[in-house]
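What TrEMBL records for this protein:
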- K46, G53, R54, G55, E99, C102, E107: ATP binding site (BINDING)
- N199, D213: Mg(2+) binding site (BINDING)
- N264, G321, I322, V323: substrate binding site (BINDING)
- 2-203: domain 'ATP-grasp fold succinyl-CoA synthetase-type' (DOMAIN)
- 262-380: domain 'ATP-citrate synthase/succinyl-CoA ligase C-terminal' (DOMAIN)
Amino acid sequence: MNLHEYQAKNLYRKYDIPTTKGKLLTHPSQLDDILRSVGKNKWVIKAQVHAGGRGKAGGVVLVNSKKEANEEVRRLLGSNLVTHQTNAQGQAVNSIYIEEPCEIKDEIYLAFIVDRTSQRIMIITSSEGGMDIEEVAERFPEKILRNPINPIVGIMPAQCRQICEDLGFDKDLSVQMIDLMKNIYKMFVQKDLSLVEINPLVVTKDNKLICLDGKVVVDNSALYRQPKMNEIRDDSQEDERELKAEKLDLNYVSLDGNIACMVNGAGLAMATMDLIKTHGGEPANFLDVGGSVNEKRVIEAFEIILSDTKVNGILVNIFGGIVRCDIIAAGIIGAAEKMNINIPIVVRLEGTNAKEGLELIKNSNVTVYEEADLDKAALKIIELSNKGAK
Ligand code: ADP
Ligand code: MG
C-alpha cells in the first residue's frame, strides 16, 4: 500500500524526521486559509498522486503570489497527472499539498528498502539526488551506494559514519544524518514498511537536512496489524481491477499485454506467463485463483479478466490437486453463458477430475479450445488472439 507524500510527511513528524511545513487542500475554498497559515509570499504546490516524476510533469510548482497559487490549484485539482511513472491515463489529483519553499543547497537521495537478495533492510544513498536519479542510476551506477542493516544489531554507528563520509557531509550534517537514519529505521520496522524513499533529501542553505519528498510503501501482508495505515488508504489511486480482485481474495496483478491468464498457484501462474512470453505473446495479467476455488470464484475471476478491454484471448491453466477440474470447468461454462464471451479461450486441465471437467466442456454449448500440453496451449492462445478468432 502506497502513502501519499503528505501522509508520509505526517508520519515523518511522528518520528522526529525533519520535513517541511505544509497543509493539505481538497477544495479550492480552503486555499486562502492554507496560504495564510503556511508561508508568506511563496509556496510550493504539490499534486498528491501515487506516482513520482511529478516535478517534471508540472505536478510540483513554485508560486510567487496568491493569484498564481489559485491558478495552479485550479489547474491541478480534478485533473489527471501523467508522469513517466504512470500509465497514459495518469493518476487523479484529488488533493494538493501546499508547503513552504525551501532554500536548497544540495539534493541527496536516501532510501530504505527490503532487499530480497540480502534479506535485509538496505540503506541506499547517493550524493546525486533529485529529479534525475534514474539517469544517475543508469549512467553512473557507482554513485549509488548500498548499506545493508544487520537485523540483529540494527543500524550501526560505524555504518552511519561511513555513509556520511561517502556523502561528503561535514560534522554538523553527519550528526543530523545519523539521527535521521536511526529514526527512519525505527519507523520502517515499527510501521511494517517495505520502502521509504526520500528524493530529494535536501541540505538547506543554512546547513539543515530536510526531507522534501516522501514515498512510503507499507507491506500489504502486515496491514492486519497496522489498522491506522489501512484507514488512510486512498483507493482512488489504485488499479480498479486489482482492488476488486483483492476484495474477492483473488491474487491479481494487471499487466500491459492482451492474453489473460487464469491459473491456480502463484508458481504455475508465473510459469504460464513466462511461457506466453517465450512464445512471443504478452500476458495481460497475473491471476492466481488459489486453492479453495469454486464455481462462483471462477466466474468472478472471468469478470475481472474481461473488464480489461485489452484482453483478446484467455488461457486457463489449472493443475488440479485440491482443486477439482470439473468445478473449474463448471465455472468456465457458467462464465461463458453469463457473460457472452466472444474472445477465444484455451483450457488446459490436468490432475484431479480433469477428464470429468473436459467432458463437461465438450457437452456444453461453449466454444473452448482444449489442449493438454501446456506448450501447445500457450501457442494456441497466441495464434487465436492474433487472429482475433472467436
Ligand atoms: P517528484 O519526485 O514527484 O518530482 P518532489 O517532491 O521530489 O516530486 O519535487 C520535485 C522537485 O521540486 C524536487 O527535486 C525539488 O527540487 C523541488 N521541490 C519540491 N518541494 C520543494 C519545496 N518545498 N521547496 C523547494 N523546492 C521543492
Ligand atoms: Mg521526488
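Placement of Cβ uses the backbone N, Cα and C atoms for every residue, glycine included.
From a predicted model like this one, the values you see are computed outputs, not experimental measurements.
D213 (Mg(2+) binding site) and G55 (ATP binding site) are 11 Å apart (CA-CA, integer value). Looking at the domain 'ATP-citrate synthase/succinyl-CoA ligase C-terminal' (262-380) alone, the prediction's average pLDDT is 92. Look at E107 (ATP binding site): DSSP puts it in a strand. For the pair R54 (ATP binding site) and D213 (Mg(2+) binding site), the Cα-Cα distance reads 11 Å.
Taking CA atoms as the reference points, E99 (ATP binding site) and D213 (Mg(2+) binding site) are 11 Å apart.
The sparsest Cβ neighbourhood within 10 Å, among the listed binding-site residues (C102, I322, V323), is found at I322. Max Cα-Cα distance over the annotated ATP binders (K46, G53, R54, G55, E99, C102, E107) is 19 Å.
The record gives N264, G321, I322, V323 for substrate. Within 8 Å of the mean position of their Cβ atoms, the other Cβ atoms in that chain belong to G265, G291, V293, I318, F319, G320, R324, G351, T352. I322 (substrate binding site) sits 51 Å from K46 (ATP binding site), counting Cα to Cα.
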